[in-house]
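Undergrad: Have a look at this one before I ask anything.
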Amino acid sequence: MFSKEVTESKVFQWFNDRLEVQAISDDIASKYVPPHVNIFYCLGGLTLTCFLIQFATGFAMTFYYKPTVTEAFASVQYIMNEVNFGWLIRSIHRWSASMMVLMMILHVFRVYLTGGFKKPRELTWVVGVMLAVTTVTFGVTGYSLPWDQVGYWAVKIVSGVPAAIPVVGDQLVTLMRGSESVGQATLTRFYSLHTFVLPWAIAVLLLLHFLMIRKQGISGPL
């Protein structure tokens, strides 16, 4: 994986003696790739790429976004109109969000149509479904953060859906909203989910997903 000039350098040897870099790189480079693999098997990697773009652009916007019902919309306008390249960062965030959902859906269809969910990869499929649910939750929570008319009513509708569940429906609505009505507590909860809870959740699920794929390899042709 490394050139001869690199492996013979003293710096490389220093790191290799302590971290076994060569062994790790050989293990990565020597992983068998079945001959039937085509471009459609890259959809999972494209979904991950979109997530990394989301993470970077979202992190950049947290320096300017204000998660309050009185300042959220104005802070988004400030990002779009005043911050250097803010319009580009937010636009990339929105575009990559849509692309991430699309790539995720196509990836799920590819795995299903090629039988990648069958034994012994059932748990990989289950974790993948959990990743899909987390991705959709990212979209729902992020949609509300500008706190414009679209975001407000989207939150009101989504948070009101659990009310149809018998016995615990009203309690779930209150839990999601933070109070009986949509307001500051709701925005705070959605912001916390979007910027802290969900990123950690998806990071753990991605790690499990990749470890399983690494262990079991790519499924064979139908």
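Note that Cβ sites are derived from N, Cα and C of the backbone, with glycine treated the same way.
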Undergrad: Let me know which member of Ser30, Ser219 Swiss-Prot also records as binding heme b 1 at the site of Tyr41, His107, Arg110, His209.
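TA: Among the candidates, Swiss-Prot records only Ser219 at this heme b 1 site.
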Undergrad: If you check Swiss-Prot, which stretch out of 123-143, 144-164 is marked transmembrane segment?
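TA: Of the candidate stretches, Swiss-Prot labels 123-143 as transmembrane segment.
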Undergrad: Go through 39-59, 97-117, 123-143 and flag the stretch with the largest number of C-beta pairs under 8 Å relative to the transmembrane segment (193-213).
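TA: Checked against 39-59, 97-117, 123-143; highest Cβ contact count belongs to 123-143.
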Undergrad: Sequence-remote contacts (6 or more beyond its ends) of the transmembrane segment (39-59), Cβ cut-off under 8 Å?
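TA: Distant contacts of the transmembrane segment (39-59): 89-90, 92-93, 96-97, 99-100, 103-104, 106-107, 110, 135, 138, 195, 199, 202, 206, 218.
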Undergrad: At a 10 Å cut-off from the C-beta of Cys42 (heme c binding site), count the other C-beta atoms across all protein chains.
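TA: Excluding its own Cβ, the number within 10 Å is 14.
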